[in-house]
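Novice: Pasting in a structure now, in structure tokens, and then I'll have a few things to ask.
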Amino acid sequence: MEAEGLDWLLVPLHQLVSWGAAGAMVFGGVVPYIPQYRDIRRTQNAEGFSTYVCLVLLVANILRILFWFGRHFESPLLWQSIVMILTMLLMLKLCTEVRVTNELNVKRRFFADFDPRHFWHWSSFGDYVQCVVAFTGVAGYITYLSIDSALFVETLGFLAVLTEAMLGVPQLYRNYRHQSTEGMSIKMVFMWTSGDAFKTAYFLLNGAPLQFSVCGLLQVLVDLAILGQAYAFARHPPKPAPHAAHPASAKAL
């Protein structure tokens, strides 16, 4: 009787918590990039951030949206992908503008050159958009032809979440190559870790496809590895390299 009397409070409270969790899923993924975006704008230096992070997330979320057409999953996860794609395009636009401004007397590179040596290192934001549109068109056409194959759809879903699980790998490699995390926002990585932990718990509690949960756990492990790098390099910073006449700038991947 007492439980029934509390229904008027518990039901809307449960609904409110559900809406809050859904909102956190949709917008929580972009929050870690806010401090990195502000740092790049403030310093006008994008060297510490790997734009391959943007590539990984663009590919992962485009594939996830295509997976939705074959196997519908919760709407917040679909909207999360749309919001993340827009966010990564904004990050790319800023990084490209800053890099091109800082590069003097460098030959302009274009997507239409189809030069693999300069892949994802073009001179105009428009070239990145062309690449994303081309990938979406090809992947979408293949999905349209194969949408009736359960094996293809499940493989597509696995590739989507596995690609997203590799999100931190470009940054992990960049840090290892330079033996430094200089220019990388530690706040961003802390937010990655907390967000990925929340996301994985959300997958487990809401019965998301198994691929989502497994790759979410892998993503948390990569985040922790990056935090480990930050701690290690802070305790044992590398010795400064000898001064050179024309030092090469340490470019993120």
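These residue numbers are counts, starting from 1, taken along the chain as shown.
Heads up, the Cβ atoms here are built off N, Cα and C, so glycines get one too.
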Novice: Under TrEMBL, which of the candidate ranges 119-144, 197-222 is annotated transmembrane segment?
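Specialist: My reading of TrEMBL: the transmembrane segment range is 119-144.
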Novice: Examine the transmembrane segment (119-144) against the transmembrane segment (16-37) and state whether at least 3 Cβ pairs sit under 8 A, considering only residue pairs 6 or more apart.
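Specialist: Not in contact, no.
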Novice: Please report, as numbers and ranges, the same-chain residues at least 6 past the borders of the transmembrane segment (77-98) whose CB is under 8 Å from any CB of it.
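Specialist: Residues 25-27, 29-30, 33, 36-37, 40-41, 44-46, 49, 51, 54, 57-58, 61-62, 64-65, 68, 122-125, 128-129, 132, 208, 212 contact the transmembrane segment (77-98) from elsewhere in the chain.
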